Amino acid sequence: MLLRGGSLRSLEHRLVTQASSLVSRLPLGDPGENPSENLLVIKSAMPLLLAVAGVSIAPLPCAISLSGIPGGVFLLVLLACINCYTSILLATAASRVGNFGYEEIMGLRGPCSQNISRIALIVMLFGTLCGSLSVVWETGKHGARFIWGLDAWLADDGIGGLTLLVILCFGVLLPLSLARLGEIFAISLIGITLSLVVTAYTLYTAVSTGGFSTPLDAADLTPVWSELPTTASLIGFAFWVQPVVLPLMEELPPGPVGVRIMTKALCLTYFCTALIYGSIGLGGFLAFGAATPQDILDGFSGSAGDMLACIFCIVGISERFRALGKGIQDLVITSLLLGAVFIVVVTLPGASATFFNVTGASGVCLICYVFPVLAYWWTLTPRATGGSHLVSWAVDYALPSAVLLVTISISTLALISTFQSLASDSTVCSEADFFGPPPSGPPPSPPIR
């Protein structure tokens, strides 16, 4: 049923119009006024930051630990620039044709490309939900320490753990997925605040355990070449926001002015996001070293860590995939989708980083890298005379082609590496052992690197 055009169009429409609705809640002035460009930049960047905030932060220290500090930092900066660039390409293409629907832009070359984009959107949405619910389950087990007398039962891998997943999936995630806009706006603001709190707590943990004062081993500074594709896929997943850009363009002035405003908003968004992601990734790796878990909150211990994990599992659902609507169709589709996600997560427990990795290397690669470049090429118009043909060729073809080559190669290698890991029954990063009664003493120090 999800592959039918009407149902998928409704699902994708809910996915990409939330940010537009958020912007409409922020007054841009009276109709007769012309708000300053800087104000429009800030008000366009805000929903983009809301869209990025959420469970994407959980596997970042894992990504850094896989590749080493230099490789992880390099990929973090590179993928922030690539995602910003492809988002600008998509905004430029939408401005050229005056169409701000993702499916409609992909349909410029016929139904085949449109159907492929629909399938890719489903893969990205489904993978995002799988990874997010897996993180919710992992952090929910951690936060279950707050429930005195039931923590060990809820945190086991049997009936107790399954009961906890049912409660979190259908008692927390489903109502959030069907929430009205006003409720989601408040939850999203809490999500951004929570991301900043997680960043601060991660840095505090690194400082308190001596992570910043402990000399780094050569292994920490040597890139692990075989793990770079997996690291890139995890980081790339954390940065995707391209579908949210299109409805925001409708709120901006038409033509080059709107593209310029969106370009500045995207640069601001990715700069701030890269700082937050870098702080969490480096702080988590310095705090836990070789024992860095695939979900950073799994590594925290003590009452503060338990409380943070408990809150995160409730409000850490990203703005990007909450469904809006109140009809019976929304309830049925969302329930079926969550039911399928529930089955996958139960089948592959504790695999949030693997879900994010596969999603980043498949659906995210197509939606955020391949299709924006194709849309830019499909909407190209002849440039004005007087410019350098070599520069025009480099801007219009060489640079986008290089982005395609890099991202497709990385995604292909990441998929191969992930499936090899699944075949050998190994996991991405370590699995934290926090189950059972909470420790009575101070939290143990992370292993020395």
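Heads up, the Cβ atoms here are built off N, Cα and C, so glycines get one too.
Curation does not apply to TrEMBL; its annotations are automatic.
Residues or ranges marked as domain 'Amino acid transporter transmembrane' in TrEMBL: 42-304.
Residues or ranges marked as transmembrane segment in TrEMBL: 48-67 (among others).
Look at TrEMBL and you will find 73-95 (among others) tagged as transmembrane segment.
Taken from TrEMBL, the feature transmembrane segment covers 116-137 (among others).
Summarising the annotation, TrEMBL assigns transmembrane segment to 157-177 (among others).
If you look up TrEMBL, you'll see 184-204 (among others) marked as transmembrane segment.
Sequence-distant contacts of the transmembrane segment (224-246) (same chain, six or more residues past either end, CB-CB distance under 8 Å): 12, 15-16, 18-19, 47-48, 51-52, 56-57, 59-60, 62-64, 66-68, 71-72, 75-76, 78-80, 83, 86-87, 90-91, 94, 100-102, 105, 121, 124, 128, 131, 262, 266, 269-270, 273, 277, 320, 353, 356-361, 364-365, 367-368, 372, 407, 410-414, 416-418, 428. Feature annotation from TrEMBL assigns transmembrane segment to 224-246 (among others).
For 267-288 (among others), the entry in TrEMBL reads transmembrane segment. Sequence-distant contacts of the transmembrane segment (267-288) (same chain, six or more residues past either end, CB-CB distance under 8 Å): 41-42, 45, 48-49, 52, 57, 60-65, 69, 72-73, 76-77, 80-81, 83-84, 195-196, 198-199, 202-203, 205-206, 209, 211-212, 214, 220, 235, 238-239, 241, 296, 299, 446-447.
Annotation source TrEMBL lists transmembrane segment at 300-318 (among others).
The transmembrane segment annotation in TrEMBL covers 330-349 (among others).
Taken from TrEMBL, the feature transmembrane segment applies to 355-378 (among others).
The annotation transmembrane segment is assigned in TrEMBL to 390-416 (among others). Only residues 6 or more beyond the boundaries of the transmembrane segment (390-416), in the same chain, are considered here, and those with a CB under 8 A from a CB of the stretch are 82, 85-86, 89, 228-230, 232-233, 236, 357-358, 360-362, 365, 369-370, 373, 376-377, 380, 383.
Only sequence-distant pairs (6 or more apart) were considered; of these, fewer than three Cβ pairs between the transmembrane segment (116-137) and the transmembrane segment (73-95) are under 8 A, so the stretches are not in contact. Long-range contacts of the transmembrane segment (355-378) within the same chain: residues 56, 59, 82-83, 86-87, 89-90, 92-94, 102, 105-106, 108-109, 113, 116-117, 120-128, 130-131, 134, 229-230, 233-240, 242-243, 348, 396-397, 400-401, 403-404, 407-408, 410-412, 414-415, 418, 428, each at least 6 residues beyond the stretch ends and with a Cβ under 8 Å from a Cβ of the stretch.
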